[in-house]
Amino acid sequence: MSPKLDLRELRSPPRLQLVRSQRSLSTSNLWVSSPIPTTSDALSMQPPPLVLSPPTRPGSYTIDRRVLFCISCVLTTLCSGGLILGFGPFYTTLVAEHQWHELCDSPGVCPKQELRLQYTYSTSFLLLSAANVVFGLSIDIIGPRVSALLGLVLAMLGNVLVSVGDSSVLDGAGIIVGYGLIGMGGMGLFLSSFQVINLFEAQGIPCSIMSSIFNISAYVYMLLKLPGMTRHHFFEGYAILVAVCFCVCFLIYPAKNIHSAKERVRVPGVSCYIPRPRKPTLLLEGLQRTLQSGDLWHFAFYFGWLSLVFSFTGGAIPSIIAKTAAANVAKADVYINYVFPLVSNSTFLFAPIVGHCIDTVGFRRVFAGCLFLTQLFLLTLLVPVLEVQLVGFLFMSIAQSSLYSLQFAYIMICYPTRLYGTLQAFITAASFLLCSLNYGINTIAQTYLGGDYTCILLFLGVPTVLLYACQHHVREMIEDEECHLVYEDDAMSPLPV
């Protein structure tokens with residue numbers, strides 16, 4: 001009698017099972033030396049025979065997040081688009097040089113000259129918004145380092161144009177375009193620097209610090225008032241400084257976007273590594289999903305309108321101060337060259353407080369507080385007393401600190417991090433469209449209202465009141481279904497195999 005057949009022996013041999021550390025690179029993103037699978041449960045619990053670290057690119061190195069954050073803050077202070085906010089000293093420098101004064105019949109600043117001066121600031125702010133769109137997308141497609149370097153090239157060109165520009169050549173196009181390129185190029189560096197914030201677990205305070213540096217940059221142009229300083233020498237020297245910052249940025253900025261907190265991050269260093277461009281279609285699909293709710297549309301209008309308020313008033317305040325001071329020219333110069341830029345750009349004093357409020361009381365109350373401070377600021381400009389307007393500059397500083405902290409913290413915390421640049425591009429595209437109203441508003445104010453800004457300020461203030469009714473659209477955190485809209489590899493990939 002034949003022995004009893006064990007049916008288990010007829011089964012196929014056990015399938016080869018790969019331990020987790022031995023999966024292919026495409027599925028696990030781990031680097032191993034042996035592709036040989038294990039057939040035993042005992043062996044599967046042991047590490048593979050030899051595990052190698054990912055091969056690093058020549059010249060690359062790791063850098064501590066605190067060191068990277070500090071260097072990014074220094075570079076941003078020197079080269080961010082916030083430089084254009086120091087328009088007061090630049091305004092008086094152009095007036096002292098009699099730029100566009102050939103359009104006037106009187107010895108003082110006439111409406112035609114004032115209009116060109118306003119165009120200088122309006123154009124720079126408009127290009128600043130355009131840069132948010134361009135560099136917001138480029139950061140998601142080609143990474144922060146390449147985006148920052150491209151921005152610094154534009155900033156160098158802008159400084160050269162401002163140094164050689166004159167109103168007698170092409171109606172001052174060199175000054176206007178150059179000043180705009182300084183802001184546009186600096187925004188590429190500024191937005192790229194925000195990738196460093198993703199290295200921190202608690203992002204509210206680092207985000208507020210970085211956003212406040214945008215306004216600290218405005219203090220740089222107060223150096224135009226140093227004895228013996230000329231526009232030509234200042235901006236020529238600044239072009240050289242931007243070139244130095246270009247080299248530092250090349251050495252220390254990460255090549256790819258950062259999506260998780262970590263103590264150290266690998267950067268290309270002296271390597272000319274350029275990341276593989278991401279497909280814009282993936283970004284657009286994520287944007288379309290995000291736009292299905294009305295909260296992003298609300299934030300786009302909110303940010304765009306308040307940007308219009310600050311862009312218009314930032315260019316008009318030197319004229320408002322001069323009219324308020326009347327015959328007291330010396331006092332007007334002090335307010336325009338020093339008091340206004342110092343107080344209105346002191347956002348760094350309030351940024352940590354705003355960041356703390358975001359972390360503790362939430363976005364909704366910060367949104368409402370920013371609206372209220374903006375309204376107080378507009379009201380003070382209607383009072384023809386310099387001391388009252390000085391208080392308004394303080395309100396302006398706190399409001400801007402809140403707005404720019406919201407611009408970055410709200411997008412980074414309440415929306416997918418992999419859509420950061422794309423969403424910034426959408427938000428600032430709305431800002432670009434609304435800020436383009438500046439040309440019409442300035443023309444109306446100078447041509448039809450005789451330089452009186454009362455009606456204009458009231459017009460700017462009405463929508464800020466209506467926005468209180470939209471507070472229910474403000475998020476407090478990211479929606480669960482949006483957490484994994486777009487996938488991408490790590491911030492600094494190793495050499496391909």
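Cβ coordinates come from backbone N, Cα and C, glycine included.
What you see is a predicted model, and the numbers here were worked out from it, not measured in a lab.
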Examine the ranges 204-222, 356-374, 470-488 and name the one recorded by TrEMBL as transmembrane segment. 204-222
Considering only the recorded stretches 67-91, 204-222, 234-253, 334-354, 420-441, state which has the highest number of Cβ pairs under 8 Å to the transmembrane segment (299-322). 420-441
Counting Cβ pairs under 8 Å that sit 6 or more residues apart, are there three or more between the transmembrane segment (420-441) and the transmembrane segment (119-139)? yes
Could you tell me whether the transmembrane segment (67-91) and the transmembrane segment (204-222) are in contact, taking contact to mean 3+ Cβ pairs under 8 Å with a sequence separation of 6 or more? yes
Sequence-remote partners of the transmembrane segment (176-197) [C-beta within less than 8 Å, at least six residues beyond its ends]: 65, 68-69, 72-73, 75-76, 79-84, 90, 116, 119-121, 123-128, 130-132, 134-136, 138-139, 144-145, 147-148, 150-163, 165, 203, 206-207, 210, 214, 217, 235, 245, 249, 253-254, 257-258, 408, 412, 420-421, 424
